[in-house]
Every structure is written in structure tokens, then in C-alpha cells.
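**Student:** According to TrEMBL, the protein has these features:
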type	residues	note
DOMAIN	555-647	domain 'DYW'
REPEAT	174-208	repeat 'PPR'
REPEAT	236-270	repeat 'PPR'
REPEAT	339-373	repeat 'PPR'
REPEAT	476-510	repeat 'PPR'
Amino acid sequence: MTAISTNPVVSMLDKCKSLCELRQIHAQMIKTNLLNHQFTVSRLIAFCSLSGVSGGLDYAASVFSRIQHPNSFIFFALIKGFSDTSNPVESLILYARMLSCLNYSSGVEFSIPSVLKACGKLLAFDEGRQVHGQVLKTHLWFDPFVGNSMVRMYIDFGQIELARRVFDRMPNRDVVSWNSMIAGYLKAGEIELASELFDEMPERDLVSCNAMIDGYGKCGRCELAEKVFETMSDKDVVTWTSMISAYAQNRCPMKALDLFREMLSLGLRPDGPAIVSVLSAIADLGFVEEGKWLHAYVSMNKIELSSGFIGSALIDMYSKCGYIENAYHVFRSISHWRNIGDWNAMISGLAIHGLAQEALDIFVEMERMDIEPNEITFLGLLSTCSHGGLVEQGQFYFESMHEKYKIVPRIQHYGCMIDLFGRAGRLEDALGVIQNMPFEADLLAWKAILSASMKHGHIEIGKSAALRAIELAPDDSSSYVLLSNIYAKAGRWDDVAKIRLMMRQRGVKKIAGCSSMLVNGKVHEFLAGKELDRSYSGRVLAKIAEVVSRLKLQGYEPDLTQVLLDIEDEGKESLLNLHSEKMAVAFGLIHINKSAPIHIVKNLRVCCDCHCFMKLVSKVYNRQIIMRDQNRFHHFENGCCSCNEYW
């Protein structure tokens, strides 16, 4: 029988779309005695193994078990098919059987890359070394495809030096070889070595450039990512997405947003990761109008909210922009295919808005629907309890996390417990968590103790925590400032002077308070104590004076204890009036329609005086003020704040 007569069967295989159809074709082959024809059987097994038809690989193995003398192509199809599964041990078993049946006859070499891939997935180091030895004894060493597979195998093993040794000794290297080695360095976190190899490349392609942009972005080297991006003559969607992500990850949200708009202007359709990165950038900015525009773009272009976690990113964006109702609407609109990220984003969003009971209700609903929580779920829950002062509930969820759900707490979960106890004034319990947790306390843990010491007036505990925090991060100004403030509140001005001298000697500068707002499409920033833009400084300062005067008639007394400087009271009051959030709200009262809320984003924690000031402004001027500070949201309305004085 010739190969020509088998064409109808081969043609039917090419059109096959399901296991049911496959069985019918197999039955036809049995009836027409084609199972004894090596070419046709090879095509059947290749189709079953490589087509992706559900159940096809198991069916191929069943057919294979009935073949008395399989050829190298049949072995290759099965070995490759199993190497692409999550547990490719069958590939190694088949390879060993192939060698015993066929030795090194023609065609065996085609299976080597798949076998190396299987070894890498299984972390089968000894078996991989044996295959490496076989390659060195044959002409396959001159095949770059085989060499590349060996490089990737050693990278999978975590043996980056062995991978580089193979790369350096490869007699024939192609662009894939270079990309594989660069990817290995990036995976191992060796950004400098990846950069050196990238510079040595004889010819760069999209893959290598995109990998380097992504790698530079992830390690905070945004300027190097920009350099690669700007020198590329050809860019694809991955290129733009990688650069946008680099900006978003490195606190350059406006650059991420601008680049996204440029991408759209060139007619490129963004993918899910690009949209998620831009939504993250908008969330950092806190400017909801930009987020609404992007949400509309997603809707108009019929992009699924489940694509690349866009739904979760939208929930997070609306939450961080102060529109928790919009976040909740998005959450409910994706009910039929909601993923764990959507639940986590909703819980965390409610937490930062102080809606503790609502967040806990979402978790109860999640449990009722048998959705398994993960580590991030419990971070959201513990944060909820911390912001809401729910100490007992926080302890309950921390215990149920590892007892009921068998999730091992990470240092972030212990950090939440430290913050929970610290905010509640239970400093000894917070220190007990640090002493008993199976990790060394990190910077955030000691800063939580330090903040709690500042709030509750524990000078010695605060001093000890500050020294540990400064030891871990000597360039972080906040630890020095908090310790200085603790001393100032206690009237220990000599100690305040020592801290400030230490900061000057070490070149550590205090981060200035900054409040920003988006009005009529333009970003306005206000720095504490700084001269305002001359185009509106006079009106803003006059408005602050007017507001202070009206509030004093309602009983407002500036809290001079919030100015931690050894100066006269009159000077302290002047400094209080120039806090950034006061300037921002004055600007908002002038320029924002009375029916619209005033949205303010602040980079630091709001002080007690400004908090009281905002409550009175909301009552006297009948305005809703929504402020996001470093820790959470404050919704001021009719003289009250959503935080219930717990922040």
C-alpha cells in the first residue's frame, strides 16, 4: 500500500476537532487495515499527541501500546507530547525505551530537545547530565536547537553558571541562544550579567529587547529600560506593555499613562497586561477621571474583564481613587466569572475606606460560595481589622488562616498583626508578635511599632524601634522624623536636635508633605510650607485665611502640638495653615463645583489638626471631602469622618 492511498485518512485527521471524531477515524483505519501502515499510524499518534485535542495524549499512549515496532517519529511525537505536560516523567521513560529499541538510528536526535525540556521541568539533574553527555558524543552538539535546550534545562535547574558554560562552548549560536541565556540571567535576578550579555549580542531582536525592558523595569532601572525602548526601530504590543509596566512599577504613573495614550494614537490595540499596568498607574495617581476614561475604552472595545485580571485592576483603581461604590459595581457586574483576584481587590478596597464590616461580609460570602481564599485574601482581612480596630476578629482570622486553610503566614501577615496591636495601643502584644514570629522583623514591622509609639506616647519603645528601623534602612527619612516627633511631643528638644543633626550628617532629607488634585483635567500639587504658583497663590492664601476665620467661629482651635518645632505659638499657627492638604482644600473650594466632592491625595499621614480642620470644613461649607493619605481614605461629610477617629 502506498502513502498516496492513505491521503483520505490523513485529510480526515487534519480536520478532526474532538476525541469522538478521532475514535471514528481510528475505527476506519482498523477496518481498512491501515494500522499496519507505519506512515498512517505515525500520523495518527502525532495528531493525538500534538494537536491539543482533550484526551488525545492518553489515547495516543493507548494506541502506542499496541504497536510492535514503533519508529523514531512515533517515539518523538509521544515524547514531545508528554514533555509539554505538567508532569513529563513519561517522556524520560519513553526516551529510555526508544534508545533500547532503536539505539542511535536516524531520527532519534529529534527527541533530544523534548527530553531536555522534560528533565528541566522535573528537576532531573542526573538524567539531564546523562543526556548532555550523549549529545557531546554525537554531531548533535553542533545543532543550536539542541544547545539552546540544554541552556534552558540548566536554567530550570537553577544552575546558571552551568548554563553559561554550555552557552560559551556552543559551536553554533543563534539569536535564540543569546535570548535563552539572557532570560536565564533575568530569571536568576542577575540583571548586570544580563545587561552585559545584551550589550555583547551581535544582533538584537524583539524578544531580547522586550526581555531587557521588562527586566530593567522589575529591578527599578527605568532609565535603562527607556534607553532600550527609544533605540528600538520596531516595537510590538509586548514592547509597549513592558515599558508601560516599567513606569507603573517604578512610581512614574504619569509617564505610564502618557505612553499608553501614545500607543493608542499609533493604532496599537493594548493587551490585558498593558491595561492592568495603566490602571495601576491611575490608582497610584488617584485621579478617577482617567480611570473612567480607560474603563469606557475597555467597554467600547468589548475587552473581557477576566482578561489579564482587568476586573481586579478596575476594582483596585476605583477603590484607590476614592470611588468605592464604583468598585463595588464592577465587582458585582462580573459575578458569573469572578476570580480570586476580584474578591481580594474588593476586600482590600473596602478595608482602606474603613468599611470593615462590609469587607468581612464579602469574605463570608466568599466562604459560602466555596471559593478558597489565599495569602492575599488574609492580608486584606487583617488590614481590614487593623483599620477598623477589630483586634479580636483579627486574631481569629490569623488563627483560621493556618488552622482552617493551612496557609503558612508570611512576614506580611505578621506585620499586619503588629500593626493591629500597635494601633490599638497594645504595644507589648505587638512586640510579642515580633519575638515569636519565625522571621527577623523587617523595616515595616519596626515602623509599625514606631508609629504606634508616636500615637500612644511610648518614648522608650519608640526609640528602640526607631534605632532598629534606621539600622535596616539608614536612608529612609520617616524613621528619623517619627523619632524626632516622639521627642518633640515630650518636650525633649535636645534629643530632637540630635536626630536632626544625624540626618544632616547622613544626607537624609525629610519628605515634604504633598497634596495633589485633578481639576479640569490638570494636576495641581501643593507642598507644605512652600510658595504657591503665583497664578493662584493670592486667592488660595486668602481663602485659607477666610476658612480659618469661619471655623474659629465654630469653635476650631489650631492644634499647635502638631507643629513639632521649638518656636512661638504664632509661628506654629502660620505653619499649620500652610499644610499641603489645607491649601488643596482651599483650592478646591474655589475651583470645584459645590455639587461635586473635593478629592485630595496626600503622600503622608494626615495630622490631627488637618483632620479636625477637614471635618469642620465639610460641615461649615456643606462639602464632601474625600482624602487619601498614606494609610487609608477619609470621607469627610457633615462634620464627621469615615475613619471614626481611628487612623
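Any Cβ shown, glycine's included, is placed from N, Cα and C.
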**Student:** Are there residues at least 6 beyond the ends of the repeat 'PPR' (236-270) whose Cβ is under 8 Å from a Cβ of it, and what are they?
**Tutor:** 206, 209-210, 213-214, 216-218, 220, 222, 225-226, 229, 277-278, 280-282, 284-285, 290, 301, 523
**Student:** Taking all residues of the repeat 'PPR' (476-510) together, what is their mean pLDDT?
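**Tutor:** Summarising the repeat 'PPR' (476-510) by its mean pLDDT gives 88.
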**Student:** Given a Cβ distance threshold of under 8 angstroms, which distant residues of the chain, six or more beyond its ends, lie next to the repeat 'PPR' (339-373)?
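**Tutor:** Hits for the repeat 'PPR' (339-373): 306, 309, 311-313, 315-316, 318-320, 324, 327-328, 331, 379-381, 383-385, 387-388, 390, 393, 405, 407, 631-633, 635, 642-644, 646.
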**Student:** Please list the DSSP helix, strand and coil residue counts for the repeat 'PPR' (476-510).
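**Tutor:** Summed over the repeat 'PPR' (476-510), the classes give 27 helix, 0 strand, 8 coil.
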**Student:** Mind checking how the repeat 'PPR' (339-373) divides into helix, strand and coil residues in DSSP?
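**Tutor:** Per-class counts: 26 helix, 0 strand, 9 coil.
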